[in-house]
Amino acid sequence: MNGTLKRVAVACLAMIALLMLNVNWLQAVRAENLRSDARNTRNFYERYAIERGRITAGGKVIAQSVETDSKRFRFIRQYPDAKLYAHVTGFFSPESADAVEASENKLLDGSSADLLLRRSIDLFTGEPTKGANVEVTINPKAQKAAYDALRASGKRGAVVALEPKTGAILAMVSLPTYDPTELSGTDKSKVFTRYEELAKDKSQPLLNRTIAQTYPPGSTFKVVTAAAYLEDDSSRGPDTQVDAPQNLPLPNTNISLPNYGGAACGSGQVTLQYALEKSCNTPFGKIGMELGYDKMKEQTEKFGMGTQLGVPMSVAGSDFGKEEDKAALAMASIGQRSNRMTPLQMAMIASGIANGGSVMKPYLVSKITDAKGDAIDEADPEELSEAISSETADKLRTMMVSVVQNGTANLAQVPGVQVAGKTGTAETADGQPPHAWFISFAPANDPKIALAVIVESGAANVGAEATGGHTAAPIAKAVLEAVLNK
Amino acid sequence: MSEVAASPVPMPAKRRVAQLVMLALAVLIVMGAYANVGLAVDGRVPAGMLAYGLGLGGIMLVAYLVLAKFAPWADPLILPLVTLINGLGLVMIYRLESAKMAGASAANQIMWTGIGVLMFTATLVVLRDHRMLQRLTYTAGAVGLVLLAIPALLPGSLSEVQGAKIWIRIGGFSIQPGEFAKLALVVFFAGYLVAKRDVLALAGRRLLFIDLPRARDLGPVLVTWGLSLLVLVFEKDLGTSLLLFGTFIAMLYIATQRTSWVLIGILLFVGGAYLAGLAFDHVGARFDAWLDPSNDVYYGNADVCLEDPPGDAMCGKSYQIMQGLFGFGAGGILGTGLGQGHPELIPLSFSDFIFAATGEELGLTGLMALLMLYALLVERGLRSSLAARDPFSKLLSGGLAFLLAWQVFIIVGGVTNLIPLTGLVTPFMSQGGSALLANWILIALLVRTSDAARRPPPQAIQNEGLTQVFQR
């Protein structure tokens, strides 16, 4: 019987070899597919298995993981100032994430290659993997001031503030907002129901208006037109006389561009500075037509428009609009045609002027440290573009200071500080109240902060160009005061 | 005869010290794994680790001493191999219990391990010569049949758990008589085939290229085949029927040395399985789940299955197998590490699917090692069968070793979706008292035959030269 026994022995080995081959096939070849199968709930639990890093702003914790009693979900995400930082931190839901939680996910959950060394040390010391901590550039005081002031207005809107010298984002507020805690729970159905509610909400609480939404810039765009005009001929300055008719006839049409409410602008010939102070339409419309589409577009691009930006969340593209006729160009030159700007883009324009013409690349993450506190990465401020010459920047600065001191933006004055600014009132559709804009920086001679404020459908017909000044400027003032400790 | 000289069998040694060292190593590995689970789950060495370790160590020391006294010539590798597999099973069950998996109980399993080793030693002490079993051939057959049939005859309230009618439940106590029936039937097969092997091997007509046996000799095969189908029908126990049928065919082949038996067996089985698949929903469901497990139609609505504990009959027919495959995938090559995966998501991961749970946490690496342990155990059994001196011993130990390998193949193949899934335990790993006891008795029988095979023959009183009886 030994012959058959040997054959049976071979058959037994063959059976086990077959099992081995099959296990190899499963765990080496098919593993990735099985792991990533949407029905594999392990991915879901895995999200909550590691202690994600903290997100901090100015040393203040704005997102952290806390241990739970549950065996399946070891850590759950907590947001101490939930609504205040919602659009900065984002949320960490069972199947997705948003904002910094999403863009820095690999660092926060420790899977990034940058953390390889840390992970290997942990492996040897037997410590559980912890994600890296992310410090954001937000200044908690600026954020709070912006949030409170915008909320007090009772409107939807956005505030974004930058540090002109570096491009660090000091405040990023978008209202209405949401509570990221509600979207970061482990109860899938609850989270999804809440998300559906928020997604369907007409007021769009999930939308980060500072970077993901574009608006017609209105009169704030006149600083760009003015910049292009000054750059075009360096002999021009704030005192240069410009034509300011009551109505500017638009070529090849039977309509003409009026000033707001059909008002006159001085005596028909005013200084550039006066035109900006009073935010007259006709001089800037005329300037735009004289410069032509290419020069206007080029100037906007020099301020950063058209560059794909990630702060690290991706920023919606701002756009000067297509080339049309002269009439359209005149309208675009006062920010009222096809040009669409994100609040961040407008803040970058203010920041570029504040920084002597150099626009810094905006960024939100200042520092990454591993769980032991060792720095892994630190932000390195980077120039995005040289938008205007420093002479042009000085001239614009003078004019914008005058706007706040003598013009439409006197509500943005901060005692003891020179504030530069420009208001805007962007008409939307007929019968709809306009959006109120304000861009600003301060102190004018050594800018610490530049910002853009938009209040959607700010106020209905309060008066010529006053809406940006009335509604948006006080919000800017609150933020400036918070940062400048006034 | 010259053949003996041509293939010299190395003089067997007792190797008692080597066995003790390997045994200690096995217990140490298991204790290390316990510590690993505790550190991963609670961040500290589990309080009961020393107790579990000492308990396991103590049990195995007793087994070792009994072995040294009553079967000193037995293969030294068998006990350490079983100890390691049994210990890893304990750790996995402990790990699943710590994940609050309903039904998993490490304390229960270690108690059954103790009783299993007790049965192991009792078998060795009582059964000094396994050849006496040959005299019990028909008794064993009758006992096997009765054990197999009891659950089918009992009312469902006493015998049915989760659709399978394979239990005897009295009070809080339950056993699966089928597990013991396997052993009795292997003894019966061995005895019957030794008696009939010549008739089965030689009588018959040749048709085309295979030798057909006589109808009356074919009887036992048909009876066993019918029996396994009956088990399948009444008890919904696909695993056991497949196991018994396959083992019988293998033993028939060993005894008669005729390949035709294997071919006939396979044909009968495939035909039977095909008909069963058509006739019975629960068999057809296994085929569907096997052929296309990831199909959403078979996977079903996972929300039902995610309840704690999962309502297993409610979710789709391929839900369990897919969860097992997800576990294998999650484990990958190196595994998640003990205590760091989610094997509690796999329904029945402490019993039928313990191999998937192990695959998730120990990875491909761990499974290859585990399969190697099984391979070694089976091959050691077959080796003692080769060395055995009489046909009954050869057939008995060969059958037992094949039973073990076949059992591993059916359940592991099922869990890894190589073959359709049939419910069986993974020997020595799955939680369950009956299976553990039966398999420990199986090991005792292997050890007994191995002891007899390796024991040096008594010195002849009169040296009659080179005359020996050669047994093929």
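Glycine too: its Cβ is placed from the backbone N, Cα and C atoms.
According to TrEMBL:
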- B:20-41: transmembrane segment (TRANSMEM)
- B:47-67: transmembrane segment (TRANSMEM)
- B:74-94: transmembrane segment (TRANSMEM)
- B:106-127: transmembrane segment (TRANSMEM)
- B:136-154: transmembrane segment (TRANSMEM)
- B:166-194: transmembrane segment (TRANSMEM)
- B:215-232: transmembrane segment (TRANSMEM)
- B:238-254: transmembrane segment (TRANSMEM)
- B:261-280: transmembrane segment (TRANSMEM)
- B:353-374: transmembrane segment (TRANSMEM)
- B:395-416: transmembrane segment (TRANSMEM)
- B:428-447: transmembrane segment (TRANSMEM)
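At the 8 Å Cβ cutoff, the transmembrane segment (B:215-232) and the transmembrane segment (B:261-280) share at least 3 close pairs (sequence separation 6 or more) and count as touching.
When the stretches B:20-41, B:74-94, B:136-154, B:261-280 are ranked by Cβ pairs under 8 Å to the transmembrane segment (B:238-254), first place goes to B:261-280. For the transmembrane segment (B:106-127), the neighbouring stretch richest in Cβ pairs under 8 Å, chosen from B:47-67, B:74-94, B:261-280, B:395-416, is B:47-67. At the 8 Å Cβ threshold, with sequence separation of at least 6, the transmembrane segment (B:395-416) comes into contact with the transmembrane segment (B:428-447) through 3 or more pairs. Long-range contacts of the transmembrane segment (B:166-194) within the same chain: residues 133-134, 136-138, 140-141, 143-145, 147-148, 150-151, 154, 158-160, 200, 220, 231, 235-237, 240, 243-244, 247-248, 251-252, 255-256, 391-392, 395-396, 399-400, 403, 425, 432-435, 437-439, 441-442, 445, each at least 6 residues beyond the stretch ends and with a Cβ under 8 Å from a Cβ of the stretch. A Cβ distance under 8 Å defines the sequence-distant neighbours of the transmembrane segment (B:74-94), meaning residues of its chain 6+ beyond its ends; these are 14-16, 18-19, 22-23, 25-27, 29-30, 33-34, 37, 46, 52, 56, 60, 63-64, 67, 104-106, 109-110, 113, 116, 338, 343, 350, 354, 357-358, 361, 370, 373-374, 376-377, 380-381, 383-384, 426-431, 436, 440, 443, 446-448, 450-451, 454. Stretch with the most C-beta contacts under 8 angstroms to the transmembrane segment (B:47-67), considering only B:20-41, B:136-154, B:261-280, B:428-447: B:20-41. Tertiary proximity for the transmembrane segment (B:428-447) is limited to same-chain residues at least six positions away from its ends with a CB under 8 Å from its CB atoms, namely 67, 71, 74-75, 78-79, 82, 85-86, 88-89, 92-93, 103-105, 108-109, 112-113, 115-117, 119-121, 123-124, 127, 130, 175-177, 179-180, 182-183, 350-352, 354-355, 358, 380-381, 384, 396-397, 400-401, 403-404. Same-chain residues lying 6+ beyond the ends of the transmembrane segment (B:20-41) with a Cβ under 8 Å from its Cβ atoms: 49, 52-53, 56-57, 60-61, 64, 76-77, 79-81, 83-84, 87-88, 90-91, 94-95, 98-99, 337-340.
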